[in-house]
Amino acid sequence: MRIALVVEYDGSQYHGWQAQTGLHTIQQAVEFALSKVADSSISVVCAGRTDTGVHATNQVIHFDCEKDRSIRAWIHGANSFLPKDICVKWGKEMPENFHARYSAVSRRYRYVIYNGAIRPGLLRGNVTWQYRQLDHRLMQQGGQCLLGENDFTSFRSVECQSNTPMRNIHQLQVTRHGDLVVLDITANAFLHHMVRNIAGVLIAVGSGKHPVGWVKDVLNAKDRKLGAETAPSYGLYLVQVTYPKEFGLLQNNPGPLFLWEK
């Protein structure tokens with residue numbers, strides 16, 4: 001039996017998703033909780049391996065288990081064993097050909113910036129702080145050259161292990177909601193640190209450090225050293241993973257909860 005679950009987590013206190021010996025990770029916490037429910041060892045596969053400090057509102061995972069458990073038991077049972085900053089939101093039994101990573105057709109991230117003169121207290125681990133005034137309209141304008149299929153060498157980390165720098169960005173939008181500036185970006189897949197490096201470049205444009213046309217110059221250069229600093233991890237959220245309709249996965253509100261849909 002193959003089960004898919006949607007998981008939400010605050011990544012502030014974790015060394016990313018992927019299990020690593022001697023480190024506190026999301027995957028280890030989730031597998032521990034599910035193994036308790038199954039009364040046997042469970043290994044999970046996720047849609048997107050988020051980095052240290054990165055959050056998710058709708059991470060999708062799957063696992064195989066022959067134990068007879070209802071979806072309600074998987075959800076509520078796992079939540080009873082999970083730490084308070086991780087929860088299972090939804091679940092469904094899936095066909096054997098479903099794969100949380102390889103069946104996905106797109107992934108959507110949001111990068112949230114608190115743009116105010118004073119650093120935030122309550123949201124300090126959940127947003128990136130920029131005290132310089134950002135013009136979200138310039139950021140939106142600059143980001144449009146990244147749409148479509150491109151070589152994103154300038155926006156990948158030096159540790160990126162992908163065989164190709166080619167990715168296809170389906171949509172990129174920058175909006176302002178009071179003091180919050182939100183980068184919303186969807187692509188078929190992302191390179192290591194790609195969203196954070198795009199955010200760094202657009203922040204440089206929004207603050208007036210570079211002109212709008214500089215974004216395209218960085219893209220065309222295919223050189224990571226010519227871009228901006230990588231934006232911090234704690235403003236980044238995996239908010240949606242899209243699959244073919246045949247799988248019937250619920251599309252939850254992207255979130256995070258302190259944002260609203262426009």
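Including glycine, each Cβ sits where the backbone N, Cα and C put it.
The annotation active site, nucleophile is assigned in Swiss-Prot to Asp51. Swiss-Prot lists Tyr109 with the feature substrate binding site, giving sequence analysis as the kind of evidence.
Between the CA atoms of Tyr109 (substrate binding site) and Asp51 (active site, nucleophile) there is a gap of 13 Å. DSSP assigns the residue listed as 'active site, nucleophile' to coil in the three-state reduction, placing it in neither a helix nor a strand.
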